[in-house]
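Annotated features in Swiss-Prot:
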type	residues	note
BINDING	Ser114, Leu115, Leu116, Pro117	(6S)-5,6,7,8-tetrahydrofolate binding site
Amino acid sequence: MKIIFAGTPEFAATALAALLKTSHEIIAVYTQPDRKAGRGQKLTPSPVKQLALEHNIPVYQPLHFKASTEEGLAAQQELAALGADVMVVAAYGLILPQAVLDTPKYGCLNIHGSLLPRWRGAAPIQRAIATGDDETGITIMQMAAGLDTGDMMYKTYCPITSEDTSATLHDKLAAQGATAICAVLESEETLQKYLAEREVQDESLTVYAHKLVKSEARIDWSMNAVQVDRNIRAFNPWPVAFIQLDENNALRVWNSTISSQSKVNAQAGEIIAIDKQGVHVACGENTFICLTSVQWPGGKALNAQQIAQTQKLHVGQILP
């Protein structure tokens with residue numbers, strides 16, 4: 001089949017790499033415009049664009065597809081002229097109007113990083129960890145105009161462990177998403193079968209995965225240790241949980257575990273011990289967490305042993 005692929009970050013590039021190994025023809029790639037990145041703020045192509053260029057696939061980077069503007073209408077017409085059988089969309093980042101969704105012969109299929117209708121929206125991986133879900137997965141759906149509202153065609157399941165961060169879970173789901181889309185597109189007959197058997201989402205089970213904002217990554221010591229630990233793992237690698245030491249300095253917290261230490265009548269935010277495991281801090285409900293990797297402004301992330309050597313934190317200190 002002739003496939004258009006639309007995606008931007010590494011999650012999408014993993015799926016594109018898998019599709020490139022199939023017998024299908026990737027006739028075009030759509031991705032977000034190049035963005036400034038890194039310390040030099042150089043214009044940098046997305047991971048999907050880099051992969052497409054390596055395979056000499058034509059790359060399109062429209063700003064939008066709004067038919068109310070000349071450039072949007074031109075982008076729609078350009079896509080239609082490609083004559084695709086199907087379009088695969090993964091973390092593309094642009095809204096696709098109904099006219100675009102209807103253009104390919106079999107419409108547009110989306111690789112979504114959750115078990116829909118749970119966690120529709122921008123941050124399904126992070127929200128699943130922060131909420132304490134013990135399972136997530138991939139849903140392949142036929143796209144509709146609403147936000148992740150399309151009919152479901154295929155699901156795979158992935159346990160969430162107590163050690164998973166958004167970084168580790170992202171990589172597991174990216175691999176699952178790649179396998180899932182290849183299974184759905186094994187042949188034109190297979191695709192037709194999954195389309196015929198697709199399932200409407202139960203709106204009563206909908207939960208939204210709202211976009212992350214930096215401010216919510218500030219650690220709230222009044223929460224119990226289990227919730228603090230979930231948040232630390234959910235916000236790794238972005239925006240990274242932090243302790244606001246003073247107006248200008250934030251201590252980033254990359255990793256943690258539930259502490260085996262305890263102290264009677266400890267104040268929330270109080271450091272009760274510093275040892276080879278890490279920095280043990282009192283949380284709400286008389287629970288305790290152990291910070292195992294932290295990073296001071298301008299420095300590198302430190303492990304438990306290195307934290308103790310800095311002597312920048314001390315037992316009895318109350319973290320804000």
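Using the three backbone atoms N, Cα and C, a Cβ is placed for every residue, glycine included.
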Task: Measure from the Cβ of Ser114 ((6S)-5,6,7,8-tetrahydrofolate binding site) and count the other Cβ atoms within 10 Å, all protein chains considered.
output: 25
- request: Using Cβ-Cβ distances, find the residues under 8 Å from Leu116 ((6S)-5,6,7,8-tetrahydrofolate binding site) that belong to the same chain and are at least 6 apart in sequence, listing them in sequence order.
  value: Thr139, Met141, Asp148, Met152, Gln201
- request: Only counting partners 6 or more residues apart, tell me which same-chain residues put their Cβ under 8 Å from the Cβ of Pro117 ((6S)-5,6,7,8-tetrahydrofolate binding site).
  value: Asp148, Gln201, Asp202, Glu203, Leu205, Thr206, Val207
- request: Taking the recorded (6S)-5,6,7,8-tetrahydrofolate site as Ser114, Leu115, Leu116, Pro117, identify the other residues of that chain whose CB atom sits within 8 Å of the mean position of the site's CB atoms, giving them in sequence order.
  value: His112, Arg118, Trp119, Arg120, Pro124, Gly137, Thr139, Asp148, Met152, Gln201
Listed in sequence order, residues with CB under 8 A of Leu115 ((6S)-5,6,7,8-tetrahydrofolate binding site) and six or more positions away: Glu135, Thr136, Gly137, Thr139, Lys155, Tyr157
